[in-house]
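Chemist: Below is a structure I'd like to ask you about.
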Amino acid sequence: MSRPSSTGPSANKPCSKQPPPPQTPHAPSPAAPPAAATISAAGPGSSAVPAAAAVISGPGAGGGADPVSPQHHELTSLFECPVCFDYVLPPILQCQAGHLVCNQCRQKLSCCPTCRGALTPSIRNLAMEKVASAVLFPCKYATTGCSLTLHHTEKPEHEDICEYRPYSCPCPGASCKWQGSLEAVMSHLMHAHKSITTLQGEDIVFLATDINLPGAVDWVMMQSCFGHHFMLVLEKQEKYEGHQQFFAIVLLIGTRKQAENFAYRLELNGNRRRLTWEATPRSIHDGVAAAIMNSDCLVFDTAIAHLFADNGNLGINVTISTCCQ
């Protein structure tokens with residue numbers, strides 16, 4: 001699937017279109033060729049998208065894990081927001097009757113949710129702030145498995161990267177707002193993004209077609225091996241004005257810890273030239289935005305792409321391997 005975009009990868013880019021009948025992919029090397037898939041991009045007004053893949057036009061510190069005593073739970077419950085049931089953390093504001101509500105919910109309310117009294121003027125509860133500084137709070141994802149308790153200053157940073165937070169749809173550039181558990185990610189992709197093809201095996205060919213399309217374009221497909229699923233992403237974007245670049249990376253449909261057990265190699269090969277990148281796959285919890293921003297992936301410009309392309313089609317050899325721990 002494809003839909004070139006002039007607004008770059010941050011634009012809304014649909015990630016699931018029913019593909020027309022498959023086209024014949026570019027043939028890989030004749031000597032014991034690995035599995036191959038064609039990933040096509042189609043220009044405006046075109047509907048030709050091979051069934052092999054999706055093309056989309058167009059990131060804790062401290063604490064502990066000791067058992068929480070009933071007394072500690074009773075103390076932290078005093079900080080529960082009556083609206084969202086998260087914890088009220090400093091700066092702590094109260095209504096005129098002394099009831100607490102977290103700062104996020106307070107901005108949406110016109111009166112106290114407990115007594116219906118006025119929330120203004122803002123009254124600071126310094127005593128509760130001192131107590132909060134002496135208490136370790138559970139992670140907001142404790143109900144899904146996180147056992148850490150943290151100082152209130154460490155809690156927001158940890159929760160931004162907590163392994164137990166919900167997984168978002170990993171489809172890059174898509175407008176899909178789905179969130180769910182890790183176990184539900186593949187089911188979501190298979191049902192909501194059916195145009196993303198999965199190839200079996202640790203050594204495959206990722207063939208992106210129509211790489212000369214203008215604007216920002218993403219090519220996506222899946223690779224299944226070693227009992228896991230990997231997402232292969234090739235993005236073309238204008239990182240600098242007038243200078244388009246390609247970024248290729250592999251993500252694991254799994255946690256960061258699981259990703260450390262694998263390595264991947266991306267290789268452009270042809271015309272007696274070779275360009276190789278080897279790295280550890282990123283977890284889909286991390287996404288691709290940070291890797292692209294830091295060029296922590298296979299990066300090449302359009303001039304290099306044309307050295308390896310054949311009639312506007314670019315084949316990338318992808319090899320997944322396990323790491324000895």
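Cβ atoms here come from the backbone N, Cα and C positions, even for glycine.
Reproduced below are the annotations present in Swiss-Prot:
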type	residues	note
REGION	1-43	region 'Disordered'
COMPBIAS	1-15	compositional bias 'Polar residues'
MOD_RES	Ser6	phosphoserine
MOD_RES	Ser16	phosphoserine
MOD_RES	Ser29	phosphoserine
COMPBIAS	34-43	compositional bias 'Low complexity'
MOD_RES	Ser69	phosphoserine
ZN_FING	81-116	zinc finger
REGION	131-323	region 'SBD'
ZN_FING	134-194	zinc finger
BINDING	Cys139, Cys146, His158, Cys162	Zn(2+) 1 binding site
BINDING	Cys169, Cys176, His188, His193	Zn(2+) 2 binding site
Chemist: Please give me the CB contact count at 10 A for Cys162 (Zn(2+) 1 binding site), counting all chains in the structure.
Modeler: 20
Chemist: Do you know offhand how many angstrom separate Cys176 (Zn(2+) 2 binding site) and Cys146 (Zn(2+) 1 binding site) by C-alpha?
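Modeler: The separation of the Cα atoms works out to 26 Å.
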Chemist: Can you tell me which of the binding-site residues Cys139, Cys162, Cys169, His188 is spatially closest to Ser69 (phosphoserine)? Compare CA atoms only.
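Modeler: Nearest listed residue in space: Cys139.
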Chemist: So which of the binding-site residues is most packed in, judged by how many other Cβ atoms lie within 10 Å of its Cβ, out of His158, His193?
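Modeler: The most densely surrounded of these binding-site residues is His193.
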Chemist: Going by Cα-Cα distance, pick out whichever of the binding-site residues Cys169, His188, His193 is nearest to Cys139 (Zn(2+) 1 binding site).
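Modeler: Nearest by Cα distance to Cys139 (Zn(2+) 1 binding site): Cys169.
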Chemist: Select the closest residue to Cys162 (Zn(2+) 1 binding site) from the following binding-site residues, measuring between CA atoms: Cys169, His188, His193.
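Modeler: Checked the binding-site residues Cys169, His188, His193; minimum Cα distance to Cys162 (Zn(2+) 1 binding site) goes to Cys169.
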Chemist: Within the zinc finger (134-194), how many residues are helix, strand or coil going by DSSP?
Modeler: 21 helix, 8 strand, 32 coil
Chemist: List the Cα distance (Å, whole number) between His188 (Zn(2+) 2 binding site) and His158 (Zn(2+) 1 binding site).
Modeler: 27
Chemist: Starting from each candidate's C-beta and looking 10 angstroms out, tell me which of the binding-site residues Cys139, Cys169, Cys176 has the most other C-beta atoms.
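Modeler: By the 10 Å Cβ neighbour count, Cys139 comes out on top.
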Chemist: Any same-chain residues 6+ apart from Cys146 (Zn(2+) 1 binding site) with CB under 8 Å of its CB? Would you list them in sequence order, or say none?
Modeler: Pro138, Cys139, Cys162, Glu163, Tyr164
Chemist: Among all protein chains shown, how many Cβ atoms are found within 10 Å of the Cβ of Ser69 (phosphoserine), not counting that one?
Modeler: 9
Chemist: Near His188 (Zn(2+) 2 binding site), how many other Cβ atoms are within 10 Å of its Cβ?
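Modeler: Summing over all protein chains shown, His188 (Zn(2+) 2 binding site) has 18 other Cβ atoms within 10 Å.
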Chemist: Roughly how many Å separate the Cα of His193 (Zn(2+) 2 binding site) from that of His158 (Zn(2+) 1 binding site), to the nearest whole number?
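Modeler: A Cα-Cα distance of 31 Å.
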Chemist: Over the zinc finger (81-116), work out the mean pLDDT and round it to an integer.
Modeler: 93
